[in-house]
Number of protein chains: 2
Amino acid sequence: MNENRNCPRGTNSAESAVTGEFPHSRRAYLTGSRPDLRVPMREILLTDSPGGDGAAKPASIHVYDTAGPYGDATLCCDIRSGLAGLRENWIAERYDTETYSDPALLSEKSNCAGRGSGAGAFPVSRAPRRSRSGGNVTQMHYARQGIVTPEMEFVAIRENQRREGADTQQQTPHPVREGGMSRPAVITPEYVRSEVARGRAIIPLNINHPEAEPMIIGRNFLVKVNANIGNSALASSVMDEVEKMIWAIRWGADTVMDLSTGAHIHETREWILRNSPVPIGTVPIYQALEKVAGVAEDLSWDVFRDTLVEQAEQGVDYFTIHAGVRLEHLPLTSRRLTGIVSRGGSIMAKWCHAHRCESFLYTRFEEICEIMKAYDVSFSLGDGMRPGSLHDANDEAQFAELKTLGELTRLAWKHDVQTMIEGPGHVPLHLIRENMELQLEQCHEAPFYTLGPLVTDVAPGYDHITSAIGGAMIGWLGTSMLCYVTRKEHLGLPDKDDVKEGIVTFKIAAHAADLAKGHPGARLRDDALSKARFEFRWKDQFNLALDPEMPQRLHDLTLPAEADKASHFCSMCGPDFCAMRITRNIREQAGA
Amino acid sequence: MNENRNCPRGTNSAESAVTGEFPHSRRAYLTGSRPDLRVPMREILLTDSPGGDGAAKPASIHVYDTAGPYGDATLCCDIRSGLAGLRENWIAERYDTETYSDPALLSEKSNCAGRGSGAGAFPVSRAPRRSRSGGNVTQMHYARQGIVTPEMEFVAIRENQRREGADTQQQTPHPVREGGMSRPAVITPEYVRSEVARGRAIIPLNINHPEAEPMIIGRNFLVKVNANIGNSALASSVMDEVEKMIWAIRWGADTVMDLSTGAHIHETREWILRNSPVPIGTVPIYQALEKVAGVAEDLSWDVFRDTLVEQAEQGVDYFTIHAGVRLEHLPLTSRRLTGIVSRGGSIMAKWCHAHRCESFLYTRFEEICEIMKAYDVSFSLGDGMRPGSLHDANDEAQFAELKTLGELTRLAWKHDVQTMIEGPGHVPLHLIRENMELQLEQCHEAPFYTLGPLVTDVAPGYDHITSAIGGAMIGWLGTSMLCYVTRKEHLGLPDKDDVKEGIVTFKIAAHAADLAKGHPGARLRDDALSKARFEFRWKDQFNLALDPEMPQRLHDLTLPAEADKASHFCSMCGPDFCAMRITRNIREQAGA
């Protein structure tokens, strides 16, 4: 990444289509205790016409920004060279890691069968880094020793969104009834440390992914959203996936999972990692399965371990590992309507069934921990038994696995390995609370990371909505990160439009949850937008929206003229029937 | 309407674009205790390939159908002559009504200023009907006398969706935690009567709208969805609105509100009513305001009363009346961020403020009841003080009005006038329960009919989603009907695509609520769809979906070949990584 302010932007197709600042927005940085700790935010500039109430008005509002360097118009990003290593110094300064020259990551090791169109190896190679002599380099390990890392400070500044200056007291007059947390009004680096030490939050940051901007996943922080990308054997190229990643973070994805299963799985991941400012998650068993030509029975600990090391060396920040799928759980699925619907879960179930023994993910779990802590890869303990239909929700198989995941969490914590727990799936509204409460209890408050949940099975083609309903609900009750679902769920691989729509939909769910949890300052943006609406500042209303393009486009369908951006009505009600206009008239008369 | 099986369909543009049966569906009728009591349902035909479990499988599933005669391929509907009067005999047989020849409905009386393009007067005119000599012809009045009307029997059959035959016990194994109702497993006509008599449900059916198929709104029944249509001064023609109505009921709108405010308001409504098989609601103050040239201060009881009678004679089934906006409430809105956002509410507030006195809607409420009971028009008591932003949710103004609405409900019930209560608006997730509980308590369990609620203000352009999240939640807690919100909310008038998307989104919310309330048999369709999904019966999966077109279109984007409708995978995971396929393999091996 060149910090050349005059560089031509958009020379690469993957980048040009998906970057650039939003209208009336600019990149702002808040600097922490050291000059290289600069936390990015998006500052939305308001026009704010003078109102009648004489109250002081902010000229701008700062919002959380996941776009990374792509959201800074003064930077030039070349995806062939990758992003700058923001955290390189922080990692090196700790003097607990070393680079080495015999990496497992050589792409010869990976499965590169000639299906699909590859983009070739990533042009820049570098030596991977790992902990020195079996040491532990996880954020949890530091936190438990009382060390506040730059990563923790970065996270604290980022979570506050500059709301220290705002009158948050005035902004949250409503009593909070649910999900009441022990969160302070202003997040401090020390508070971040304590939550990570406690295991109630994770900062997924592999030391080999120094490009990543620190973020935190935990229920006392903002609810996060993950976007899944990745090609399948049937569709999409490497460049498509890099473009999807950049596109996803533009719209607010806090982490991205690369679920590629087809050809060029290693190269695709390398291109994504080197260009990603957000943590990247994977499901390593997918690549392991490719290495054994798709025959689940042929999987082995050796193949899996090598895959873990290969991906850890590349910089993957969290691994979904379905270590909770146990032999004794398999018969519990026999009365299910839709069996096992987790890809990783079904692969491991097949292996267990074929070998009639406990999976190596379970029996070798502490060996896996040793790898995780040498690179600071976080666990995302997969729910291989998640229900794939309402019929199967909250059943014995699901909860038996959850109990196992709780035991594994304790084991991971013994090694100071950061851990979150994946959750369902398809669950009707009235069974969501039981999921959340059991997860908190059995997994000792490790962060919950849920797919949806989808609250009905009858709406394929609209499952972004069925799952956002469940997502908002479970986020309110305590889930830390929501995995987005696109409208292509159950039907096919999402394209760019599906990705954007899925993310915006889940940002709505996550924000609704933040509001309901009474997150300090969560309502600042709502209030600013509603004020703009009431004052007919149409452009401010558009610019403050989660997606500024959509409302402007919809508004302009009927009132395209520039003058109508100042109109005191819209085409929904027309001029005579605008309630806001009438209310303003009443107020003006009352004041006169 | 001609029952000519060979008639050419689609001769009229408004109809041809929006009718026709869904793929693999056919219209079925269940006949009640008399031959002219035929309840329409949509029967979805399944291909149901033979499975391995040997259980008996239904060849079809019956679902609630709001499409009316337009959903019956054997019928020919000509919108120039209107629909048949399904209930004409039932009304006449009660010998408590009379036709008369000096109606207020002559269109000369209405405001027909030449703006916009009209379709002229509706071609067929008829004498209106009213109760004889001041009698009461409401369904509530009959119910309280112990009379079970054909309308009540129709509703009971309709609500059961033929699930008497299904093993509903097996279908609802989950304990229900919320919204537990006193509902029997099978709805009987007597149960319908008792709920209507109690005021806990309404059957909105004006005797001058005999074309309407009876439906019920109450929390012990399926959650219903209303779609708003209607032109504004700026957009849309009469024919557009008729087409939108037919389109809306195709996708599941249970009632339709005509919120027209522009020219030809009387004619538009007449065309809609004569062609609508679902109850039509209006906000009469809109037309009254047109009659006084848009000057709220010039409104009077006389103008309003004449408008009520005119619309009652046309057949409007429910009136939104903002009688709860009281003079003493106005100062309570002064600290609001977005003031009054209800159009009707703001009009009445302006009137009250200008005249410094209580509104005629409030002072003349019992006179309004006299009109309502002569035609069986139901009240939808409007929430003029509903919050238009999260900031204003659950405030003093909102709850002061709710208390007044509760008092008015008692008054309406004194006259045996059916009544429901309109609700907010913008409400964050954690404040929804308080709304529902207060409404049940203060309005004596009269049905709640809510707009959304929208759980955040930051997503203009996606407010169908923000409101579906709140809608599912409040529906679960006890709301009887959800008013849809389209993505154009706050921005402009919805077009056909917006209407469809809004309805499907709210059918999801309503169905999620039915499932969470443990409505008997609600999960039949979910289970049938999930079973089809697990068995790779792609076409059954599409046909069982709330919107059969969308999933097929999305699926076919990547796998368009007809052969792929039988594939045991989709492009999301590809053949090697399909969890359902792997699970089936394991089961087959276990069985072998």
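Cβ from N, Cα, C; glycine included.
Caution: TrEMBL annotation is automatic and unverified by curators.
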#### Entry: Further binder of substrate named by TrEMBL next to A:M257, A:Y286, A:H322, A:S342, A:R343, A:G344, A:D383, A:G384, A:M385, A:R386, A:E422, A:Y449, taken from the candidates A:N206, A:N208, A:N220, A:N228
A:N228
### Message
Cα-Cα, whole number of Å: A:Y286 (substrate binding site) versus A:H490 (Zn(2+) binding site)?
### Response
19
### Query
Can you name the binding-site residues among A:H426, A:H490, A:C578 whose CA is within 10 A of the CA of A:R386 (substrate binding site)?
A:H426
### Message
Give me the DSSP three-state residue breakdown of the domain 'ThiC-associated' (A:22-98), ordered helix, strand, coil.
### Response
10 helix, 23 strand, 44 coil
### Query
At the Cα level, what's the spacing in Å between A:S342 (substrate binding site) and A:H490 (Zn(2+) binding site), rounded?
12
### Sparsest Cβ surroundings (other CB atoms within 10 Å) among the binding-site residues A:G344, A:G384
A:G344
### Task
Would you work out the biggest C-alpha to C-alpha distance among A:N228, A:M257, A:Y286, A:H322, A:S342, A:R343, A:G344, A:D383, A:G384, A:M385, A:R386, A:E422, A:Y449, the residues that bind substrate according to the record, and give it in angstrom as a whole number?
20
### Proximal but sequence-remote residues of the same chain as A:N228 (substrate binding site) (Cβ under 8 Å, at least 6 apart)
A:V256, A:M257, A:L259, A:C483, A:Y484
#### Entry: Rounded to the nearest Å - Cα separation of A:G384 (substrate binding site) and A:C578 ([4Fe-4S] cluster binding site)
52
### Summary
Hits for chain B proximity (Cβ under 8 Å) within binding-site residues A:N228, A:Y286, A:G384, A:R386, A:H490 read A:Y286, A:H490
